[in-house]
Structure formats: C-alpha cells, structure tokens
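Feature list (source: Swiss-Prot):
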- 68, 70, 238, 313: Zn(2+) binding site (BINDING)
- 68, 70, 238, 313: Fe(3+) binding site (BINDING)
- 77, 140, 173, 241, 318: 4-imidazolone-5-propanoate binding site (BINDING)
- 140, 315, 317: N-formimidoyl-L-glutamate binding site (BINDING)
C-alpha cells in the first residue's frame, strides 16, 4: 500500500462535533497508520508531495464502534414480536420457554457454517454505515461446544470482513433448560469448565453476565467475575435493565469496562461507575423494541461525568437492529442525548467500553487509519436522518473497503 494524503475534507478527529477542523488533511503511511492530521494549510513538507485523495469537502469521522451486539445466533424471533404486540411481556415469554432459550435451541441446532452465513447478513449493513470495530457476544449456546462455535464464528467474521471484532463470553446469559432449578451448578460449569477452555483457545477478549431477576443473582455474577479475574480478562455486565438489582455497583467494584442497559440505575450505581471509570452503554433499540417506559438516568450520568456509549444491542429477541445511525437517532429522540453525546457514544466512548481507546474511536498519529466519510453538510445529519444511507466511503487501515456513490 502506498502512502496517501487525504485532503479537501472536514475533520472530526475525536468523535466530538464541537471539536472539528473545517479544511483538513490526513496523512496515512503505507502501513495503514496515521502519520499526521491537521489543517490543510499546515501539512508538513514531508507529506506535501504524497499521492493525494480528494474527499470533495466531505466530513471524516473515526470509524464507528458498535460496542454491544449478539450478532451470532441461529434463527430469529419474529413470532415473539407478534406475541408482545398481543400483550405478552418480555419476562412472561422468557418464563414459558421462549426468549433467550428459544434462540438457544436454534443456535445449538445450527452448524458453524450456518451460523457464519446468518451473521454475515447481519454484519454487512453495519459495515456499510461506517462501523470498523464491533463487539460480538456468545451466550446463545449455553454449553461448551455451542459457545465455542459462536466465538469461532465471531473470530471468523473479523478475519473475513474489514472490521475489528472483540469477542465477549456471555455464558451466564440465561439458565439452559437442562439446568432448570440448578443455577448455581450451571455457574459452576461456566466458571470451572467453559470459561477456562474457551480462554485457553484464545476465543475470549472479555466476560459478560446478565445480572437480573430472570438472569443471575449478584452472588452468581460475582463468581463469574472472579473466574474472569483469575484469567486476567476484563468484565462487562448487563445491569439494571428490568429492575434495580445493584449490578452496576458490583460491576464497578470489579472495574468493569462497561455496564449496559441501565434503565433502573440509581444514584449509588452512577457514583460507583464514575469512581471505577466504567462506561455506561445505553441500548435504545432494546428500550424501543420492548416498549420500556423507564428511561436511563441520563442527567445523573451527565452530572457525575460517566462516559455514555451507544450500541445496537443487535439480538433476535429485543433489538433486531442493524443500524448504528438509527441507534444514534433513537439515543437523541428517545433518551434525549445531544448530537455530541450520540457521536461520542459510537466513537470514543464506545471504544472505551471495549477497552480499546488506544486503537479505535479517535484519529491521531500512530493509530490505524480507520475512518468513515460522510457527504453531509453537518454532523447532526448522522443522527437526524433514518432509513437513508449516508456513508460514502469506509477506510480500514488506510485502505478503502466500502464505497457508495452518494452524490
């Protein structure tokens, strides 16, 4: 690959629409790393004569980061969508064997090749919107062989597509049917057999747990966190989605990368997250899809300075969403975030939620040249439009990996 000077662009280098350069340039080394960013009038002499790529006045942002997804699974759950429309709650469906457990059955029955093919169809729309890094969780296998297949497929997606994939082991997602009434025994299996085996195979970047009334208790969640700590793995938590169970405070005690959902988060949990540097990952797609009514405590998070990230939470039961731009719109319209908060939420703060702030979410010398090109007049349009393709080009490691004739 040759070195390139990208020019005639408007630059939002760090995901903050209030910190931009109107006439900017980006020098990218032949190895795909950024050599320099700044005003076009200040291009250092060493880069002036490099081959140029004219972006015709478009905006450039860091590649987007989807920091919470369940992208790999078998089947779909449109039938449960119809049940919810008829009045059934998420908890009611789960308690009678639907919900997560129905996807577990479909995932266990699917081959690795079938899981890969289905996941590809879900990933492509995200990549076309400028996503260059994504987190993918397991958690629909709930036994070693199926969890392994899910994580292997996630790794394969990162090898086959121009996207950095971060894998999260979510064995403690739900209680599998064969362990009904024996949750502690299942946590034994997660901590003593599944996690060690998958970590030894290099399939796990982080560990998550669903701490909720219909999930796992604080004590069980802590056992999973302890098992992760023994392996030197960072942790995350699904917390306070359906009730205030104190999960966020536990996550903070283990210096979790993130606590996610958080509709029922209280002031004590917010303060704990601030003290531990834990990112709040908000998931407006799930909030919208299950018709939740309790909003996350946005003002408390702001007041305490807790970083807010946004993610699709793509999953078959509560957020079959494959658009991070629509997620931004929902974050603004439903959660009343500002455009600044929404864009930071899918760039810099989303990278922090993955423990990858040194690799993603910002454009600076020495980092990989992962960026998205937007032929819009203002960055507010990224959160304003929905159902309209906006991304003109995606660059990953200095190489154009997606283009759309948007003009």
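One-based numbering along the chain as shown.
Cβ atoms are placed via backbone N, Cα and C, with glycine included.
Annotated features, which come from Swiss-Prot, shown on the structure.
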residue: 68; record: Zn(2+) binding site; contacts (Cβ under 8 Å, 6+ apart): 135, 137, 258, 260, 281, 283, 311, 312, 313, 353
residue: 70; record: Zn(2+) binding site; contacts (Cβ under 8 Å, 6+ apart): 136, 137, 139, 140, 170, 313, 314, 315, 316
residue: 77; record: 4-imidazolone-5-propanoate binding site; contacts (Cβ under 8 Å, 6+ apart): 98, 102, 103, 316, 317, 320
residue: 173; record: 4-imidazolone-5-propanoate binding site; contacts (Cβ under 8 Å, 6+ apart): 100, 137, 138, 139, 140, 142, 208, 209, 210, 215
residue: 238; record: Zn(2+) binding site; contacts (Cβ under 8 Å, 6+ apart): 208, 209, 210, 211, 212, 215, 247, 260, 261
residue: 241; record: 4-imidazolone-5-propanoate binding site; contacts (Cβ under 8 Å, 6+ apart): 212, 261, 262, 263, 264, 286
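Spanning the residues 77, 140, 173, 241, 318 that the record associates with binding 4-imidazolone-5-propanoate, the maximal Cα-Cα distance equals 20 Å. Excluding 68, 70, 238, 313, which define the Fe(3+) site, the same chain contributes 69, 137, 260, 261, 283, 286, 311, 314, 315, 319 within 8 Å (Cβ to the Cβ centroid), listed in sequence order. Residues 140, 315, 317 make up the record's N-formimidoyl-L-glutamate site, and a Cβ search at 8 Å around their centroid adds 70, 73, 77, 100, 103, 139, 316, 318 from the same chain. Neighbour density for residue 315 (N-formimidoyl-L-glutamate binding site): within 10 A of its CB lie 25 other CB atoms from the protein chains shown.
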